[in-house]
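Engineer: Before I ask anything, here is the structure I am working with.
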Amino acid sequence: MVKILLLALVFSLAHAQDFAELQGKWYTIVIAADNLEKIEEGGPLRFYFRHIDCYKNCSEMEITFYVITNNQCSKTTVIGYLKGNGTYQTQFEGNNIFQPLYITSDKIFFTNKNMDRAGQETNMIVVAGKGNALTPEENEILVQFAHEKKIPVENILNILATDTCPE
């Protein structure tokens, strides 16, 4: 498992500057959080990716997604602004600091730290893909990231099948 994680890290770092892979159509496959209430069905941070664009050498990352509230899909677009440490900052349901950690041609693993308006912090992992489920190797990487972020494994939710929002 350590070899897989090291390979994932090396691969991710090698591709970290190749932001062309980030752009395009994406779907949320898996979402995980240390505060399960935030990502359960109807939760404010249960979002369904649709599109990512990068501007100004990816110093600005635009993410379009849906949130389902009261059985209604609500389309939202946010712009994350690159900070000096490789993270992006944006506003949605409070302040968010996010970072793409692992990038392939068909998957992106993001971490996100949300500080809501009440001051509650939620650590998250969001995996976006082109529509395919995680491979066993990608699942191992996800579990390791969850351990590092102190997110219980039982809080990892496969939500691809619950995405009923428009393309």
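Backbone N, Cα and C atoms are what each Cβ position is placed from, and that goes for glycine too.
In case it helps, Swiss-Prot gives these features for our protein:
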SIGNAL    1-16  signal peptide
MOD_RES   GLN17  pyrrolidone carboxylic acid
DISULFID  CYS54-CYS58  disulfide bond
CARBOHYD  ASN57  N-linked glycosylation site
DISULFID  CYS73-CYS165  disulfide bond
CARBOHYD  ASN85  N-linked glycosylation site
Engineer: Helix, strand or coil: which one is CYS73 (disulfide bond) in, per DSSP?
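Structural biologist: In three-state terms, CYS73 (disulfide bond) counts as strand.
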Engineer: Considering only the recorded positions CYS73, ASN85, CYS165, which residue has the minimal Cα-Cα separation from ASN57 (N-linked glycosylation site)?
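Structural biologist: Closest candidate to ASN57 (N-linked glycosylation site), judged by Cα separation, is ASN85.
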Engineer: Enter the number of other CB atoms within 10 angstroms of the CB of ASN85 (N-linked glycosylation site).
Structural biologist: 7
Engineer: Whole-number answer please: how many Å between the C-alpha atoms of CYS58 (disulfide bond) and ASN85 (N-linked glycosylation site)?
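Structural biologist: Answer for this pair: 14 Å between alpha carbons.
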Engineer: Compared by Cα position, which of the disulfide-bonded residues CYS54, CYS73, CYS165 is the closest one to ASN85 (N-linked glycosylation site)?
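Structural biologist: Comparing Cα positions, the candidate nearest ASN85 (N-linked glycosylation site) turns out to be CYS54.
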Engineer: Counting other Cβ atoms within 10 Å, pick out the least crowded of the disulfide-bonded residues CYS54, CYS58, CYS73, CYS165.
Structural biologist: CYS73
Engineer: Which state, by DSSP, holds CYS54 (disulfide bond): helix, strand or coil?
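Structural biologist: Strand, per DSSP.
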Engineer: Mind giving me a neighbour count for ASN57 (N-linked glycosylation site)? Other Cβ atoms within 10 Å of its Cβ, every protein chain shown.
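Structural biologist: Result for ASN57 (N-linked glycosylation site): 9 other Cβ atoms within 10 Å.
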